[in-house]
Amino acid sequence: MLGVSRSPCDAGVIRATPVFPVALSQRRKRLTLAATILGSSMAFIDGSVVNIALPAIQQALRADAISTQWIVNGYLLLLGALVLVGGSAADLYGRRRIFLVGVALFTMASIACGLSPDIDVLVASRAVQGLGAALLTPASLAMLGATFDEHERSHAIGVWAGVGALTAAAGPVLGGWLVDHVSWRAIFLINVPLAIAAAGLAILFACESHDPQAKRLDWKGAAAVAIGLAAITWGLGAIPASGFRDVFVLGALGLGAAFLLAFLAIEAYSPEHAMMPLSLYRSRDFSGTNALTLLVYFALGGVLYFLPFGLIRLGGYSATQAGATFLPYALIMGFGSSSSGALSDRFGPRMSLTAGPIITAAGLLWLSFADWGGPYWSSVFPPICTLAVGMMMTVSPLTSTVMASVGEAHAGIASGVNNAVARVAGLLAVAALGAVLFASFSHHLADMAPAHANEVLNAVLAGQAGVTGAATSAFERALRTVMLVAASCAALGGIIGWLTIRQTGAAMKS
């Protein structure tokens with residue numbers, strides 16, 4: 001998941017799933033709902049607490065900045081590349097079955113993460129976690145959609161979203177407390193009891209369901225996009241150590257671009273089996289919302305990754321305090337979404353999908369000038385709340401616009417594509433903004449060779465003793481540059497929203 005908020009269009013996936021044809025008792029429905037909440041929350045909580053634990057993990061495992069990025073990127077790579085395949089597999093082979101396979105993979109990988117002796121094992125285990133999440137997340141949403149009919153879905157989605165808001169609020173704080181008082185390993189091992197409960201409820205009470213019209217899996221497309229994203233992510237991540245002109249960096253970026261072009265060719269050649277039908281992009285609204293999603297979630301993914309380093313290394317926050325910093329964000333997102341949806345219905349999505357990203361950009365711009373070591377309530381709380389209000393205004397109309405842009409028959413796949421775009425945006429943000437961080441850091445230490453600057457940056461991020469004041473100052477400036485770049489991306493998303501989204505809603509009817 002993407003930090004302290006669920007991905008866009010999750011509710012759209014639920015609403016687009018056909019209802020199971022056999023009547024189920026209310027007890028079975030409630031316990032199936034509990035299983036889906038536990039399953040999706042397991043992956044969601046894990047994604048929200050790992051960023052808080054990264055400084056402690058880097059220090060404990062003596063990892064460099066690139067390896068630390070792959071703790072997040074390994075997970076997001078498999079999740080973003082395969083989540084559409086996971087949804088198709090659930091429709092084809094059975095939603096409960098794929099849910100249980102995903103839970104099993106995620107749980108075994110969580111245990112491996114918690115017992116990792118070094119950074120390499122941790123990164124590999126996180127990648128397997130991403131694979132498990134790519135199966136269990138869409139399957140849990142489809143199970144929920146298949147269980148409740150049209151009259152019950154709104155209430156079920158409300159319960160599911162409400163619990164999601166609570167886990168979003170509690171997850172980072174709980175994760176920070178575990179890091180401070182138990183161990184960073186505990187944030188992974190805590191998944192085990194949740195997984196046992198989710199699997200037990202699914203086995204005992206959830207009914208199996210399929211989509212009789214499900215298409216075969218697009219393995220070629222999935223492989224092409226996974227290799228392409230992996231190569232680009234590796235190339236961007238290698239820039240700090242090797243430089244942009246390094247032959248391997250350029251080769252990786254070129255290889256990644258080639259595989260992504262191959263992915264588009266595969267999708268165009270076999271539209272009946274494509275996991276991302278290119279015909280959807282004939283809709284201006286669909287194209288615009290996905291471009292907006294890529295930019296806004298790129299900005300959000302960057303701040304969720306790098307802000308904990310700033311709070312802990314520059315502001316002197318503990319992991320618990322850093323986790324609590326995001327509490328206002330989670331609460332505003334969780335309990336303000338209905339208001340933003342009503343606002344969009346009244347004035348049209350174009351207004352919300354322009355103002356929301358612009359306000360998000362304002363929050364990020366504010367963060368770029370924040371005093372990391374100053375009082376929380378005056379230095380960090382206001383920009384975090386501004387960021388949250390912007391995202392709150394964006395997510396609900398984003399979901400409705402994506403679904404309305406392609407018609408009811410394609411609403412499910414459109415929602416899935418938008419979800420995948422959001423996750424890929426987070427992946428690219430960590431890699432690209434990591435390169436921005438290093439470039440700015442090196443610029444402010446102009447008298448230092450790039451290789452040495454990379455070593456110093458690793459020392460700052462890991463909280464090693466003996467770091468000079470000049471290095472700390474350079475890191476602070478570099479972090480502010482990252483926030484400025486993220487703010488620019490969010491603002492560009494707002495401009496795209498204004499230029500591409502058609503105005504609908506009560507404002508047009510009056």
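Using N, Cα and C of the backbone, Cβ positions are placed for all residues, glycine too.
Note: TrEMBL annotation is automatic and uncurated.
The average per-residue pLDDT of the prediction over the domain 'Major facilitator superfamily (MFS) profile' (32-505) is 87, rounded to a whole number. According to TrEMBL, the feature domain 'Major facilitator superfamily (MFS) profile' maps to 32-505.
The transmembrane segment annotation in TrEMBL covers 66-86 (among others). When Cβ-Cβ distances below 8 Å are used as the criterion, the transmembrane segment (66-86) is approached by residues 47, 50-51, 54, 57-58, 98, 102, 119-120, 122-124, 126-131, 133-139, 217-219, 222, 225-226, 229-230, 233, 237-238, 240-241, 275-276, 305, 413, 416-417, 419-420, 423-424, 426-427, 430-431, 434, 461 of the same chain, each at least six residues removed from its ends.
According to TrEMBL, the feature transmembrane segment maps to 98-117 (among others).
For 123-145 (among others), the entry in TrEMBL reads transmembrane segment.
Feature annotation from TrEMBL assigns transmembrane segment to 157-178 (among others). Long-range neighbours of the transmembrane segment (157-178) within the same chain, counting only residues 6 or more positions beyond its ends whose Cβ lies under 8 Å from a Cβ of the stretch, are 4-6, 11, 14-15, 33, 36-37, 40-41, 44-45, 48-53, 144, 184, 186-187, 190, 318-327, 330-331, 333-335, 337.
For the transmembrane segment (184-207), the residues of the chain that approach it from at least six positions outside its boundaries are 20, 22, 24, 27-28, 31-32, 34-35, 38-39, 41-42, 45-46, 49-50, 53, 56-57, 60, 96, 99-100, 103-104, 106-107, 110-111, 113-116, 143, 146-147, 175, 178, judged by C-beta separation under 8 angstroms. The transmembrane segment annotation in TrEMBL covers 184-207 (among others).
The feature transmembrane segment is assigned by TrEMBL to 219-241 (among others). Within the same chain, residues 64-66, 69-70, 73, 77-78, 80-82, 84-85, 248-253, 255-260, 262-263, 266-267, 270, 274-276, 424, 427-428, 431-432, 434-435, 438-439, 450-451, 454, 457 sit at least 6 positions outside the transmembrane segment (219-241) and bring their C-beta atoms closer than 8 Å to a C-beta of that stretch.
According to TrEMBL, the transmembrane segment annotation covers 291-314 (among others). Beyond the transmembrane segment (291-314), the same-chain residues lying 6 or more positions past its ends with a Cβ under 8 Å from any Cβ of the stretch are 2-4, 8, 51-52, 54-55, 69, 72, 321-322, 325-326, 353, 356-357, 360-361, 364, 367, 372-373, 380, 387, 391, 394, 398, 418, 421-430, 432-433, 437, 460-461, 463, 472, 475-476, 479, 482-483, 485-487, 489-490, 492-494, 496-497, 500.
Summarising the annotation, TrEMBL assigns transmembrane segment to 326-344 (among others).
Here the transmembrane segment (351-370) has long-range neighbours at 289, 292, 295-296, 299-300, 303, 307, 340, 343-344, 379-380, 382-398, 401, 480-481, 483-484, 486-488, 490-491, 493-495, 497-498, 501, 503, 507, meaning same-chain residues at least 6 beyond its ends whose C-beta is under 8 angstroms from one of its own. Per TrEMBL, the feature transmembrane segment maps to 351-370 (among others).
If you look up TrEMBL, you'll see 376-399 (among others) marked as transmembrane segment.
For 420-441 (among others), the entry in TrEMBL reads transmembrane segment. Remote same-chain partners of the transmembrane segment (420-441), defined as residues 6 or more beyond its termini with a Cβ less than 8 Å from a stretch Cβ, comprise 2-3, 7-8, 65-66, 69, 72-73, 76-77, 79-81, 83-84, 229, 232-233, 236-237, 239-240, 276, 290, 293-302, 304-306, 453-454, 456-457, 474-475, 477-479, 481-482, 485-486.
Residues or ranges marked as transmembrane segment by TrEMBL: 482-501 (among others). Residues 284-285, 287-289, 291-296, 298-300, 302-303, 306, 349-350, 353-358, 360-362, 364-365, 367-368, 390, 401, 429, 433, 436-437, 440 of the same chain lie 6+ residues outside the transmembrane segment (482-501) yet bring a C-beta within less than 8 angstroms of a C-beta in it.
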